[in-house]
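Taken straight from Swiss-Prot:
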- 1-44: signal peptide (SIGNAL)
- 136, 185: Cu cation Z2 binding site (BINDING)
- 137, 432: Cu cation Z3 binding site (BINDING)
- 262, 265, 273, 279, 324: Ca(2+) 2 binding site (BINDING)
- 326, 381: Cu cation Z1 binding site (BINDING)
- 453, 468: Ca(2+) 1 binding site (BINDING)
- 493: Cu cation Z4 binding site (BINDING)
- 541-639: region 'COX2-like' (REGION)
- 582, 617, 621, 628: Cu cation A1 binding site (BINDING)
- 617, 619, 621, 625: Cu cation A2 binding site (BINDING)
């Protein structure tokens, strides 16, 4: 066995031993205390001596925003750091009762306008929208290597969608469904010169087109890598690749994106997917791909240019790594990229400066590897500080491993040096982690969050379904110190810590905002001004009800419609007081929506039940809140 092969592979015995241990540990629910060995457990009963405190006193503000994914809940959660207090939830792929997301016309437009034709047809008898989502990997937009406060992007693994959230109003304004690929797992955004592209991994392999004509012919299955234009929210291009794509990241020069891959065997069962000792990362040459699109070197599939990036393509390179790598994370020095081994106890470090020579065929794929330290069992994701250190989650060991990149490179060259600085027990089984400003050139090395998949005994027992456990770790000193445990409902997959100076939300909607422009246009067509209108307009069996709201009264205290009319209610909050949100709910009609200061919200429904139906303000906005109500009178159909 050559030295290169020795460094890049696990032996069959090592691989099966690791896999068996993973399975046994998972089955028995072993926690970090049993697996940690001689590692340090550094729990803080408050702030460590000389360390930082998570306390934010009443009336004071957190230093950072944390944008948490929620997995199968389908929303984004905003948390303050270091307090770890939940501040707000942004509904995206889910149906939200409080705000009316998924019910209001404005939200339904966002949820439906980006659907693929076949799914639009599929959903016709299912309420026209997907009722579930699996939101992963929320990442803010960049300009010149740091967050610019414009947008947040995330992916939906359940229904192959990508969303964009406006950070000025903290609302989702665009959702698109990706053609040709099957699910999205792994999303990152272009860091330089700006976002730019949103890179999306197609995890599962399916036939293209996926129309049932090749159900069991796995040779027709393909995985797709997608670049979405983050400004237009249209697919810019796609690349067909070998294997299943997992996670993705990109460089700080705007030249390359790279994805981890499992199932290089292209199997359909667990045993088949694990049969090889190696998988790979795929490196995408952005300039060459853009030239391919410009020169027509692609096949158009479902209206999108699809480039062949399988083995042998000039647009991609495949670098072998140990079996089933998971996370891939670019270091803040702009040079190094770390692929995390998952089934291997190692992480693989690449030097992006070598990728030019790799694509020019001047070096072999493994020549781009500059380190491959062994850290522990189940490395999944890596974060960074401002001192050249990396922090890798070890799922099976229930630990965070702090290690030094330069020392790992020295060890790879044969020096007798240990790159590991510390191992910290976390509670329990960490997946993603993230450091403060840790994906930007402005990383500050203060805080790390470990998103742990199990909480076990950390909280009061709440029944069989238990919360996740997000642990806040002080990394400002030489030693990592846990300073806070925070429970999360199902189920965070990644989080991003952004300094508050980068985000500048408004407190009032602008009346010129495009979010409710359709309502403004309809009112104008009816000869009305939404800021003043309190009228009912009938157009055949379609009725449009316009009303203002100013606490504690709606502009209309009653309106009359006929049974089976299609009713659209437009409510405009004309209050100019910060934090004075109104609601509009109709009793026993399944209607409720949020109406923020200076915003218009609308809802359309069929008045199928005759009778008297009270509507009321569902958000507490005034001492006379209970009296802020009115009547919808539905006249029965004439015999």
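Along the chain as shown, residues are numbered 1 onward.
Placement of Cβ uses the backbone N, Cα and C atoms for every residue, glycine included.
Its Cβ placed at the centre, residue 137 (Cu cation Z3 binding site) has 25 other Cβ atoms within 10 Å. In terms of Cα distance, none of the binding-site residues chosen from 136, 265, 582 sits within 10 Å of residue 326 (Cu cation Z1 binding site). The residues near the Cu cation A2 site, meaning same-chain residues not in 617, 619, 621, 625 whose C-beta sits within 8 angstroms of the mean position of the site's C-beta atoms, are 551, 552, 581, 582, 583, 618, 620, 622, 628, in sequence order.
DSSP gives residue 381 (Cu cation Z1 binding site) a strand state.
Residue 273 (Ca(2+) 2 binding site) carries a helical DSSP state (H, G or I).
Distances between the Cα of residue 432 (Cu cation Z3 binding site) and those of the binding-site residues 265, 453, 468, 493 are shortest for 493. Here residue 273 (Ca(2+) 2 binding site) is positioned 28 angstrom away from residue 468 (Ca(2+) 1 binding site), judged by their C-alpha atoms. Applying an 8 A CB threshold to same-chain residues 6+ apart, the list for residue 136 (Cu cation Z2 binding site) reads 69, 71, 154, 155, 156, 157, 184, 185, 186, 187, 493, 494. Among the binding-site residues 262, 265, 273, 617, the ones whose Cα sits within 10 Å of the Cα of residue 625 (Cu cation A2 binding site) are 617, in sequence order. A sphere of 10 angstroms centred on the C-beta of residue 617 (Cu cation A1 binding site) encloses 26 other C-beta atoms. Spatially, by CA atoms, the binding-site residues 137, 265, 381, 453 include one closest to residue 621 (Cu cation A1 binding site), and that is 137.
Surrounding the centroid of the Cβ atoms of 582, 617, 621, 628, where the record places Cu cation A1, the chain contributes additional residues within 8 Å, namely 549, 551, 552, 554, 583, 616, 618, 619, 620, 622, 625.
Between residue 617 (Cu cation A1 binding site) and residue 324 (Ca(2+) 2 binding site), the C-alpha separation comes to 53 Å.
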